[in-house]
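Student: These came from Swiss-Prot, pasted as-is:
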ACT_SITE  Asp158  active site, proton acceptor
BINDING   Ile42, Gly43, Arg44, Gly45, Ala46, Phe47, Gly48, Gln49, Val50, Lys65  ATP binding site
COILED    353-386  coiled coil
COMPBIAS  1-13  compositional bias 'Low complexity'
COMPBIAS  458-486  compositional bias 'Low complexity'
COMPBIAS  487-496  compositional bias 'Basic residues'
REGION    1-25  region 'Disordered'
REGION    323-345  region 'Disordered'
REGION    454-496  region 'Disordered'
Amino acid sequence: MIEINNNHNNGNGKQFPSSQIMPDSKKKSIVKIGEYTLGEKIGRGAFGQVFKGLNGKTGEFVAIKQIDSNKIDESSLQSVKGEVEILHKLRHNNIVKVLGVVEVQAQLNFILEYVENGSLRDVIEKFGPLSEELCIIYLYQMLQGLAYLHSNKVIHRDIKASNILITKEGVIKLADFGVASQIDSESQLRFSVVGTPYWMAPESIEISGCSSASDIWSLGSTMIELLTGNPPYYTLQPMAAMFRIVSDQHPPFPTDISKEFLDYFQQSFKKDPTQRPTAQELLQHPIFFTLQKVPPTLSELQSTLKTLNGGRSRLRTSVNSIDWGSSSSTSGSSTPLSSSSSSSNIKSIVSDEDFNKLQTTIKQQAQTISNLSEEILILKKELKEKPKLEEQQFYKEYFMALAISVKVNQCYQDKTCEPKDMQQLYEMARSQEIPWYKLIEWIPSQLISNDNIPQLTPSSSRENISLSNSSSSIPNPNQNQNQNNKSKSKKFGFFS
């Protein structure tokens with residue numbers, strides 16, 4: 001009988017089962033590009049496919065963007081080469097690095113930094129729309145990358161989720177610079193229609209000049225994409241979407257977003273590109289104040305103390321179990337420890353003094369962090385209340401100016417007072433000798449309308465003030481209209 005052995009020798013005398021051997025049918029042909037081996041396809045760029053690659057010398061994984069120069073026109077080829085020239089000069093943590101270029105016959109192979117988690121478009125397709133908190137974390141990194149680009153006179157011109165990569169640690173990388181341009185100065189504009197319709201700025205569509213401000217608009221559209229799962233106007237055909245981008249005041253904003261995020265969108269989507277903040281300026285936007293969290297190191301320090309005390313107990317037990325009078329040698333004989341200093345040095349490891357010093361230091365650090373945490377919470381509360389205070393002050397100044405204007409006009413017609421009296425009246429109101437909200441009683445009701453009142457949304461927490469119980473030593477020239485004015489003020493609920 002012939003015995004069949006299904007195990008195979010690996011050349012070192014060791015056997016392994018045949019199930020671990022790759023069949024010839026599954027073996028793929030190895031494609032070498034310089035010192036790199038081409039792997040699986042991982043994506044598609046503006047002008048070609050992207051593959052995973054392995055450096056055969058260093059073991060480093062890379063992304064290899066392949067472009068057949070025979071299949072694209074000369075202008076596109078120049079655009080691709082421009083991408084390499086731009087990226088090769090840039091070194092920033094939030095921008096994909098170009099490691100080199102390998103040209104094989106008519107094929108260009110761009111060796112890029114490999115970003116393992118793919119694009120943010122991949123992320124939202126797998127996990128759905130992102131939370132506002134996570135979007136803010138990503139947005140901050142995108143702005144850092146854009147600020148670096150713009151400081152180097154480079155505009156991306158195609159910012160969107162599919163062109164923004166993310167590492168497994170959550171680090172954002174701007175990528176795909178196939179349509180990027182370098183400008184000599186901030187005032188120089190690029191006059192060509194490039195980009196992807198749903199993310200394009202109005203000035204890019206109208207060919208009125210693309211600048212770094214166009215990237216700010218596109219980034220705003222990208223944030224809408226991350227928050228909702230889709231870019232603005234995604235239900236429309238590209239041409240219709242571009243028409244709406246140009247004709248609308250701004251794209252539709254997502255619902256249920258914070259006041260800070262709403263303000264960020266309002267700043268980013270200003271139709272006049274010269275009025276949009278720069279990436280560097282947006283890094284100071286209040287939306288990022290929410291990233292300041294109370295340090296979690298208090299609990300970490302408590303855990304450290306617990307571990308420290310547990311370690312001390314275990315170490316003391318181990319040391320006490322040692323027979324300090326003898327030690328086992330390699331020959332098996334027992335030899336007394338001749339040096340008493342050895343014993344004392346070992347025991348000093350678990351001395352209470354050393355542990356207590358370390359414990360005291362950690363407790364002091366914990367107290368310092370606790371104090372800082374309280375200060376951070378106070379600052380966050382003040383920042384949260386600041387917009388309300390500013391809004392209240394705005395209304396106050398608005399109605400004071402309107403009331404004084406009406407009063408001056410009334411006095412001018414009746415010749416009942418001098419301009420200096422008006423100045424005194426105004427100063428009294430500013431110094432709060434007269435309740436400023438009383439001035440609303442001087443304003444004829446027809447002046448208090450939706451057309452005249454600033455279009456701001458009053459805070460829901462603001463209490464309405466009944467003017468019927470307030471008093472003033474200043475005579476009211478519109479006494480017969482008081483009731484109407486009171487109802488108007490209560491209706492809008494501006495005061496608190």
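Backbone N, Cα and C atoms are what each Cβ position is placed from, and that goes for glycine too.
Show me how these features fit into the structure around them.
Tutor: Classification of Asp158 (active site, proton acceptor) by DSSP places it in coil, neither helical nor stranded.
In three-state terms derived from DSSP, Gly48 (ATP binding site) belongs to neither a helical nor a strand segment and is classed as coil. Long-range C-beta contacts of Gly48 (ATP binding site), restricted to its own chain and to partners at least six residues apart, with a cutoff below 8 Å, comprise Lys65, Gln66, Ile67, Asp68, Val80.
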Student: In this predicted model, what is the average pLDDT of the coiled coil (353-386)?
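Tutor: A mean pLDDT of 68 is what the model gives the coiled coil (353-386).
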Student: Using only C-alpha positions, which one of Ile42, Arg44, Val50 is spatially nearest Asp158 (active site, proton acceptor)? These are the binding-site residues in the record.
Tutor: Arg44
Student: Rank the binding-site residues Ile42, Val50 by the number of other Cβ atoms within 10 Å of each Cβ and report the first-ranked residue.
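Tutor: The most densely surrounded of these binding-site residues is Val50.
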Student: Measuring CB to CB from Arg44 (ATP binding site), give everything in the same chain under 8 Å that is also at least six residues away in sequence.
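Tutor: Sequence-distant Cβ neighbours: Val50.
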